[in-house]
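Take a look at the structure set out below.
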Protein chains: 2
Amino acid sequence: VDYQHVQVPFEITLWIMLASLAKIGFHLYNKLPSVVPESCLLIFVGLIMGGIIYGLNDKSPPVMDSDIFFLYLLPPIVLDAGYFMPSRPFFENIGTILLYAVVGTIWNVFGIGFSLYGICQVKSFHLQDVSLLHNLLFGSLIAAVDPVAVLAVFEEIHVNEKLHILVFGESLLNDAVTVVLYKLFRSFCEMPAIKTMDVLAGVGKFFVVGIGGILVGLAFGMIAAFTTRFTKTIRVIEPLFVFLYSYLSYLTAEMFHLSGIVAIIACAMGMKRYVEANISLKSHTTIKYFMKMWSSVSDTLIFIFLGVSTIGENHEWNWPYIFFTVIFCLIWRALGVLVLTFFVNRFHVNTVTGKDQFIIAYGGLRGAICFSLVFLLPDFHRKKLFIAATTVVILFTVFVQGMTIRPLVDLLHVKKERESAPTVGEQIHIRFLDHLLAGIEDISGHWGQYYWKDKLEYFNSKYLQKFLLREYDQPKSSIVLLYEKLERKHAIELAEAGQLGHTPSQPSLLHSALPCSNSHRSVVTDGKSEDILNPDVLENIQEILARNLFRIRRTVPAYNRHTLPGETEPAEQAKEILILRHRSL
Amino acid sequence: VDYQHVQVPFEITLWIMLASLAKIGFHLYNKLPSVVPESCLLIFVGLIMGGIIYGLNDKSPPVMDSDIFFLYLLPPIVLDAGYFMPSRPFFENIGTILLYAVVGTIWNVFGIGFSLYGICQVKSFHLQDVSLLHNLLFGSLIAAVDPVAVLAVFEEIHVNEKLHILVFGESLLNDAVTVVLYKLFRSFCEMPAIKTMDVLAGVGKFFVVGIGGILVGLAFGMIAAFTTRFTKTIRVIEPLFVFLYSYLSYLTAEMFHLSGIVAIIACAMGMKRYVEANISLKSHTTIKYFMKMWSSVSDTLIFIFLGVSTIGENHEWNWPYIFFTVIFCLIWRALGVLVLTFFVNRFHVNTVTGKDQFIIAYGGLRGAICFSLVFLLPDFHRKKLFIAATTVVILFTVFVQGMTIRPLVDLLHVKKERESAPTVGEQIHIRFLDHLLAGIEDISGHWGQYYWKDKLEYFNSKYLQKFLLREYDQPKSSIVLLYEKLERKHAIELAEAGQLGHTPSQPSLLHSALPCSNSHRSVVTDGKSEDILNPDVLENIQEILARNLFRIRRTVPAYNRHTLPGETEPAEQAKEILILRHRSL
């Protein structure tokens, strides 16, 4: 046995396999995931596994490597979130989201940092050696709401679209603030003295990190869209570019100490509409499916690793500090949401209700990002205390808040996601109103969101589309596209119900075939049953085939690496089927 | 800039990006790939890049790591080959393929090894220090035909199915022989004396390595099929299992020194039909697409790395040895094919023609497997000579043979792949004859391939299907399935041509809408044009929608990580559409 040789890929594959099997396991019992969020179950699996490893080896199980987390596990989840982000509610609430993400996070960092420093002054807690800067550093890593944890819980409780995008958007965009503050305080900790200049430079960095991330992301997104203009001859590698370019945008942003999360979201949202217009339908399915699959696996791995890493001897259990950390996290978030929403509501007609505010405050889950950041701290004598406090906050928010939020949502009658999607009529009216408002804003000289949206659309159709789309000169009305799509779907359903073209329907065909071929039914050869040997059935089928079949069908195409089976000459086939059909009618 | 931090994933992504862009580049000029095989172009790109790296750094560019090749680049290609292997021609010719793969490869190894040893005895060549064992070791790595190179060339020349499967099958299955002989001679090289027992053990190993590989592969394939029985509730991770289990089968086989290639092929061929029956259509598309994409990228990377690794100072240019290596590779392969085919033709009605024999001999391309094996050799003073000889053989076969094989196929009028696939009638007859022959063999007591095939199918439908398929109790006749598929396709085409249900066709709708809305046409907002503001068109569309639409359509579904948009409640929609349709008719 040569295990050394295959160790790395073998263990990675086994971990992924374990994660996938755990997921299947939960879903086999439908009741379990409806009570306990999947994230809790996965952490629980991780805890058990960590316990087993700890018990067998008698030393702490391996901790999740921060590099692995930030370079390999986080990007798929953020890419998925950005690519499937509903853009309309996101941009409608962008102001509120940014306020929560930037001001709210800063508020939490300083609030938690200063009040924990206050706790450290109590002599009986033996914490006097934890300086203000260390407390602020700890605050900067514990303050940020975690997108992975938030997504995992909120996608199961189906709150209304606005509430969802507020919590979710905040958790994604606060990354820029976290990156800046965390790095700032970490460098301050190592400096002998802090000058005013350093603080000012820190403030300037906010804008560089955030806007830099957006620019890097958009640049890669545009290049990705441009690249897919030229993939018509090799459809097979189309999906690759979406993944490659968005990953490159993340890595590039990380390389320049910008916000990778912001970059990958900008990249995904920027390229989506152009890429989707350029690529084939099958490539599109592959992208969607693969993205979901990948983010799902990453997410599972993160929670399992969180559980595994919790077990061990990396902790210093100073209970007062830990207890007050949890309390302050809750209090400062609640206060922050209340104050910020007060200002938000003064400038908006569509206000954030009290119930919504409660859920926003309560939904501030912490997760793997804090956990990775705390392990990335430079070694100092109280690092294990911070690790312990972070672990407890994560477990508290994910287990207690994560498990009770669904009952609370039901109890408070929080407005849920509308079960019926907007009708076509509603959509037409919304769009009409958009144009109307853009016109009013234009006439009144007020540069509001509708004005800018209209300008952006103009710029898009005038310049960007020509450059980025392969067939930019045929803008089809989306209502026609919708109609086409519905007709196609309808046709499939008619065909499946056997209502098409007066041929015997498939179920009736099956039933008429079965009684007279019972004796042959048992042996199924290569997926083809022996029904066909019965002369009656054979005749029946032959007649149907003669009437409906395309001349010569290639059912087993030759092997070819670069093409997929069944993609050749649809036009010719369609023509012939139509001719045959007309003749028979 | 913190490049160190992101170096590994960044460079991997950039290499893949380069490979994909190179592929797009070639396909932009249609003429180039039709004259020069893509593999040659890619090696050429690699040579240029290697030259640049060499010129800039003044030291040899990095050589392709054998571990990376065998653990990460080779498996996707072999998986793709195994998964899309046409099983009927493969099993029909399995005897011939095995003869070529096992006996043919052994013949080549000893032929090349002994005759090169003869060359080494010529004093003026300064090669007397290369022992017989070293020559045999070199023979064992240079003798095997490379599946990656063969695939890359043969998929572009479209020879007939039998010829294709003979060359392709041989190149895949000879791996077991190569593994055994290579490891045997390598261990002999390090032994002080070789006993008869060691040689006998070597012979025994053939069977262990080959059959062991098959068993490992089949075991993982069955587990994979069994796992997909339970994925109905989370469709998203279905495709993952195909990749995970087949990769695990490869790694497990490698771990036990069995043939990984044989294992992964057995796994892919074994699980395919069960997995496909269990998973959803979209998962299936994702698997197919992703497999093609992945193998395509691996293949591209391998050829580029081959080119890059060629440049440098790893070579000892002893021209007589290199020249005779090329000559002996050609001669022994030609002789081997002639002799083996003579025996094959004596026992078969459907013989291998002279032209086919020539193409089989001429298509014996060497590639990256030899290259990786030669770098894996233990260090000894003539390793660089072997590297040089291997490099020249690979470049000669890929460039000279690869580029001339297409003109030769045309010149010799080698029977090509039939352009029209077998008709349904033909297929029914073939299947009928299969059953007839199985019956005849059963009565006459002759246990031929048809007898065993029939027994296997019986075992499959009686036991395996019940265990591995989710809905095993409803075996549908494949002719009914085909009919359903065709009806669905036909319906789509009818819908697209606007022939369905007496509604105005989409093109006519578009044309009638355009003249009266020219003024609105230019601004396309979010893919939805302003056509809809024109009252006439609006009325027209409303009428169509009212008649054809499902009650309320969800066009922008809410974000959810575990489901894909547009997969909900198709049954309900279908029902309602049918009701509406009936009412309107």
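Each residue, glycine too, has its Cβ placed from N, Cα and C.
The transmembrane segment annotation in TrEMBL covers A:12-29 (among others). Long-range contacts of the transmembrane segment (A:12-29) within the same chain, counting only residues at least 6 positions beyond its ends with a Cβ under 8 Å from a Cβ of the stretch, are 38, 41-42, 45, 296-297, 300-301, 304.
The domain 'Cation/H+ exchanger transmembrane' annotation in TrEMBL covers A:17-409.
Taken from TrEMBL, the feature transmembrane segment applies to A:35-56 (among others). Same-chain neighbours of the transmembrane segment (A:35-56): 19, 22-23, 26, 149, 152-153, 156, 300, 303-312, 395, 398-399, 402-403, 406, counting only residues six or more beyond its ends whose CB sits under 8 Å from a CB of the stretch.
Taken from TrEMBL, the feature transmembrane segment applies to A:68-85 (among others).
The annotation transmembrane segment is assigned in TrEMBL to A:97-120 (among others). Distant neighbours of the transmembrane segment (A:97-120): 90, 127-128, 130, 132, 135-140, 142-144, 165-166, 169-170, 172-174, 176-178, 181, 206, 320-321, 324-325, 328-329, 332-333, 335-337, 339-340, 343-344, 360; these residues of the same chain sit at least 6 beyond its ends, with a Cβ under 8 Å from one of its Cβ atoms.
TrEMBL lists A:132-153 (among others) with the feature transmembrane segment.
The annotation transmembrane segment is assigned in TrEMBL to A:165-185 (among others).
The transmembrane segment feature in TrEMBL is assigned to A:206-227 (among others). Sequence-distant contacts of the transmembrane segment (A:206-227), counting only residues of its own chain at least 6 positions beyond either end whose CB sits under 8 Å from a CB of the stretch, comprise 102, 173, 176-177, 179-180, 241-242, 244-246, 248-249, 252-253, 256-271, 274-275, 278, 464, 467-469.
Look at TrEMBL and you will find A:247-268 (among others) tagged as transmembrane segment.
Annotated transmembrane segment per TrEMBL: A:289-309 (among others), in sequence order.
Summarising the annotation, TrEMBL assigns transmembrane segment to A:321-347 (among others).
Taken from TrEMBL, the feature transmembrane segment covers A:359-380 (among others).
Here TrEMBL flags A:386-409 (among others) as transmembrane segment. A Cβ distance under 8 Å defines the sequence-distant neighbours of the transmembrane segment (A:386-409), meaning residues of its chain 6+ beyond its ends; these are 35-37, 39-40, 43, 138, 141-142, 149, 152-153, 156-157, 159, 306, 310, 314-318, 321-322, 325-326, 329, 358-359, 362-368, 370-371, 374-375, 377, 416.
The average pLDDT for the domain 'Sodium/hydrogen exchanger regulatory region' (A:530-585) in the predicted structure is 51. Look at TrEMBL and you will find A:530-585 tagged as domain 'Sodium/hydrogen exchanger regulatory region'.
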Cβ pairs under 8 Å between the transmembrane segment (A:68-85) and the transmembrane segment (A:247-268), at least three: yes
Selection from A:132-153, A:165-185, A:247-268, A:289-309, A:321-347, the stretch that has most Cβ pairs under 8 A to the transmembrane segment (A:359-380): A:132-153
Apart from its near flanks, which chain residues at least 6 from the ends of the transmembrane segment (A:321-347) lie with a Cβ under 8 angstroms of it? 95-96, 99-100, 103-104, 107-108, 111-112, 115-116, 119-120, 125, 127, 130, 138, 142-143, 357, 360-361, 364, 366, 385, 388-389, 392-393, 396-397
